[in-house]
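As given in TrEMBL:
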- 72-227: domain 'EamA' (DOMAIN)
- 29-50: region 'Disordered' (REGION)
- 399-428: region 'Disordered' (REGION)
- 71-92: transmembrane segment (TRANSMEM)
- 104-122: transmembrane segment (TRANSMEM)
- 155-173: transmembrane segment (TRANSMEM)
- 185-204: transmembrane segment (TRANSMEM)
- 211-229: transmembrane segment (TRANSMEM)
- 235-257: transmembrane segment (TRANSMEM)
- 269-293: transmembrane segment (TRANSMEM)
- 305-323: transmembrane segment (TRANSMEM)
- 330-350: transmembrane segment (TRANSMEM)
- 362-379: transmembrane segment (TRANSMEM)
Amino acid sequence: MKKHSARVAPLSACNSPVLTLTKVEGEDRTRENVVGTTDAQSAGAGGAEAGSNRRRLHCCIRVTTVQVRKALWGVAMVMCVCSSWAGSTQLAKLTFKQFDAPFTLTWFATTWNCLFFPLYYIGHLCKSPERQTPRQRFRECCRFFGDDGLTPKVFFTKVAPFGLLWILTNYLYLQALRKINTTDVSALFCCNKAFVFLLSWIVLRDRFMGVRIVAAILAIAGIVMMTYADGFHSHSVIGIALVVASASMSALYKVLFKMVLGSAKFGEAALFLSIVGSANFVFISFVPVILYFTHVEYIGSPGDIPWAYLCGVAALLFAFNILVNFGIAITYPTLISLGIVLSVPVNAMVDLYTCEIHFNTVRLIAVFIICLGFLMLLLPEDWDQCIIQLSTKLRKRDEPAEGSGEAGATTGLNWRGRGRTSMSTFAH
């Protein structure tokens, strides 16, 4: 296991979206190649300056094209993440009007995780030049758990706890939907980003950042204000406590995963999620049966079960987990996280037209500061240095502009033409 941990370096838990397990393969190599190409061009500039400039321009155009493509994919990803997360929340709320069984719905949706590895293997057959049999691919991905692979000891110590956290996260979230509206639930669940930062700061010894401390304080203040918005009624207090507990389980899941297993490649993450789904089906199936016979989650006959709603919720959650865990292959993780926070206004608009919700001033402020804290946590670790560098560059660009203005003060035509050139360069 230690050998594997050296190969897969853990990522910062705060920089990942919710329940993200994966990392982009070959990212470091790509960056090194780009830097090496730039250095080589700079070294050869003395001998062939024109050719070096052309190569540098070609490299810049290629890098810009890649960034534009990732940004466009990011816009599509934001819409898909927002739609799947908001859609699953709204559909689960509708499901409880006909089928009031949150744990059964959690069990049913989690079982769909079994499809992750088969879908990944189909993609492997379509994309990889070296095709492997399912058994070969399975064994290779099992190295993620250590040199011995997936043994019973590894399963019960490194897989089963995460399966329980997964079920608790979804079950508490669905229970909260039975108590309070979807807007409050989706907004409060965004606090998991703040909880991830606090846990990673304590457990993973992540870098201390003042802006993230402020974001965590905003999240906690938003929780208090959300509770105050309904006048501390028992029903709303229980719902808020449930969704905060769900966000805490989600944060604990992420931080423990980074600490125990590190960062997984796509095949390893797909296998892990499939094992979680399979274990849920094998070991947890007795719980819905017990709840049925004890009339805790009872329904008259199988014909009364709204299978379309159940499958819709499970499919949307499955799509959401695919986008969150594997979307970083085509776009930036920050854009994926934006899709989660944008589901809050979407749920608010749906609630405004479908249910009697009162958006008082306290509730609006609470939702705003929670979302603001979430966005502040998306800032990179060196955001302050980037701002300083940007201001320095702007200051250096302004200085030649002022000098050219003084030099061209004798003729208005020359001064005006240089001013336009300076502004054009600044705009680009």
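Numbers run from 1 along the shown chain.
Glycine is treated like the rest: Cβ placed from N, Cα and C.
Unlike curated records, TrEMBL annotations are generated automatically.
Among the recorded stretches 185-204, 235-257, 330-350, the one sharing the largest number of Cβ pairs closer than 8 Å with the transmembrane segment (362-379) is 185-204. Looking just at the domain 'EamA' (72-227), the mean pLDDT is 89. A contact between the transmembrane segment (269-293) and the transmembrane segment (211-229) is absent, since fewer than 3 of their C-beta pairs, 6 or more residues apart, lie under 8 Å. Beyond its flanks by at least six residues, the transmembrane segment (330-350) meets 15-18, 20, 70-71, 73-75, 77-83, 85-86, 89-90, 182-183, 185-187, 190, 193, 323-324, 359, 367, 371, 374-375, 378 of its own chain at Cβ-Cβ distances under 8 Å. Here the transmembrane segment (211-229) has Cβ contacts under 8 Å with residues 14, 184, 187-188, 190-191, 193-195, 197-198, 201, 236-237, 240, 244, 360, 362-363, 365-367, 369-370, 372-374, 376-377, 379, 383 of the same chain, all six or more residues outside its ends. In this chain, the transmembrane segment (185-204) lies in contact with the transmembrane segment (235-257); the count of Cβ pairs under 8 Å, excluding pairs fewer than 6 apart in sequence, is at least 3. Taking residue pairs at least 6 apart in sequence, the transmembrane segment (305-323) and the transmembrane segment (71-92) share three or more C-beta contacts under 8 angstroms.
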